[in-house]
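Listed in TrEMBL:
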type	residues	note
DOMAIN	10-260	domain 'Glutamine amidotransferase type-2'
ACT_SITE	10	active site, nucleophile
BINDING	279, 425, 482, 485	[4Fe-4S] cluster binding site
BINDING	326, 388, 389	Mg(2+) binding site
C-alpha cells in the first residue's frame, strides 16, 4: 500500500502452560514473541500481564509506548514470570495514543483481578458508555475496550446464584449487548477466555505449544505432548515460539484455555441467521502473508487477487512492479499471468518503520518521504505498471508517480488489487470520513490524470470475493465477509456513528 492511512486496530495474544504449575515454560517470553509477531497490527504501545494463576495471585504487568522490542528488556521478561498471561499491541481507533489507554486493562473486582485485551471497535460504544454512566460506573479512558472491562465487572441485573461469579455468563451478556467488532482475551485467576464477536469480524486463532524436542528431530512427539496453548490474532507468530496452528476461534465462539487444555464453552448466534462478516481487508492488506485464515494462507489469496486483476485489467507494458511490500504477491502473480517480467523499482528503507501506523497526518507524510529509494536502471525508458493492494486517500501515489516520471519511466500505469474504498469503517479500521476517500472525491475516469498516470484500474468486488473464497476450507460453519468499506453494506446498524 502506498497510502499511509489504513491501519488495523490491535493485536491480542494469550498463553497458558499445561500440566503441573509452576511450569518450566517461559510464558512471559512466549507472549513477548507473540507480540513481536503481531507488531504490524499496532506500533503505538504494547502491554503484557502475567500471573502464577493461584486464586490470590497478583498480576504482574509491564506496559509502554512504542515497539515491543523497545519496551521489554531481558530483565523485564524475567520479572513477568508466570503460568498464564495475555498481551496486546495497539493502534488507536477509539481513545487517544496515551499511556492510560495501553492494554491489557487490569481491574480489581470482588471476585479477584481480571485483565482484558481487545482487537476491534464496538459499533455501539457510545450507547454502552451512556448505559454504564447511568449505573454510576466511572470511566478513566476514552477507549471502548475499557467499556468491555467495565461491563464484565458490572453485576448482571438478574444477579448470580449464591453470589458466585459466572464469567462465561457475563461474556454471553456482553455478546448479546454488542454484536461487533471484537476479538477478546480475558484472564482471570487460572483461565483465559478467548472469543470472537458473533460475526467473526476480527481474526483469532489457537496454537499448540510443543516441547523443544519436537523441533530437534531427535524424538517423536505425539499430539498429546503439549507444553501449553496460545491464542493470537494471527498465526504468523507461531513458528517463532515453537507452536503449531491448531484451529480458528469460530465466529461467536468462546474458548476457555487452562492448564487442563482448550475447551469450547459457548457459540453466540447471529441475528436472523445472518452470515459471518470477517473483514475482507485482513486478506487484502492487514494480515502478515504467512498467517492462515479460513484454512488458507494470506499470501496465496493475494496471489489470486493478482491473477484475477490480470484477467480484469491487463495492460501492455515492459515491467510489472509494486511499492514494497504488501502488494508484492499480487504483483508477482499479475506478471506471471500476463507473461511480463517483474522487477523492483523501489528500495525500501527498513529502518523507518511502517509509517502508515503513525497516528497523525503530518507524521505519516514525513515518514513516507523517507521510506523509499529509486532503482532507476530497472525502469528508465520502460513502460511500467505499478500494482498496489489498495488506495485510501491517495496522498502518496501522486509523488510516487511523479518520482518515476522524473527518473525516466516512459509510461506509468496503476492497477489496484482490490476495489475502490468508498465508505468509512466503524469496526476497528481507521477509515474516518467519506470526504477523505479519494474514490469519493475523484471520478474513476479522472483518476489517471489525478495521479499523473497513463491509466488506472481496480479489481472488482466480485473479483475480490472470488479470489478470497476460492481456497476457503471451512467445514465448521458458513462463510461470509464484510465488504462494507467497498459497498456500504454493513453487517449491523452503526447508529452510534
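The chain as shown is numbered from 1 upward.
The backbone N, Cα and C atoms fix where each Cβ goes, glycine too.
Heads up, TrEMBL stuff is auto-annotated, nobody curated it.
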**OP:** Output the one of 388, 389 that, of all these binding-site residues, has the highest number of other Cβ atoms within 10 Å of its Cβ.
**Re:** 389
Subject >> Alpha-carbon spacing, residue 425 ([4Fe-4S] cluster binding site) to residue 326 (Mg(2+) binding site), which is rounded to whole Å >> reply: 21
Original post:
Sorted by position, what residues of the same chain at least six away from the residue listed as 'active site, nucleophile' have a C-beta under 8 A from it?
Top reply: 41, 42, 88, 89, 90, 91, 103, 117, 118, 119, 120, 233, 428
**OP:** Could you check what DSSP calls residue 485 ([4Fe-4S] cluster binding site) once collapsed to helix, strand or coil?
**Re:** helix
Subject >> Cα-Cα distance linking residue 279 ([4Fe-4S] cluster binding site) and residue 326 (Mg(2+) binding site), given in Å to the nearest integer >> reply: 17
Subject >> Between residue 485 ([4Fe-4S] cluster binding site) and residue 389 (Mg(2+) binding site): CA-CA distance (Å) >> reply: 14
Subject >> For residue 279 ([4Fe-4S] cluster binding site): intrachain residues, at least 6 apart, with Cβ closer than 8 Å >> reply: 201, 202, 203, 286, 427, 428, 429, 481, 482
Original post:
Measuring Cα to Cα, how many angstrom lie between residue 485 ([4Fe-4S] cluster binding site) and residue 388 (Mg(2+) binding site)?
Top reply: 17
**OP:** Restricting attention to the domain 'Glutamine amidotransferase type-2' (10-260), give the mean pLDDT.
**Re:** 91
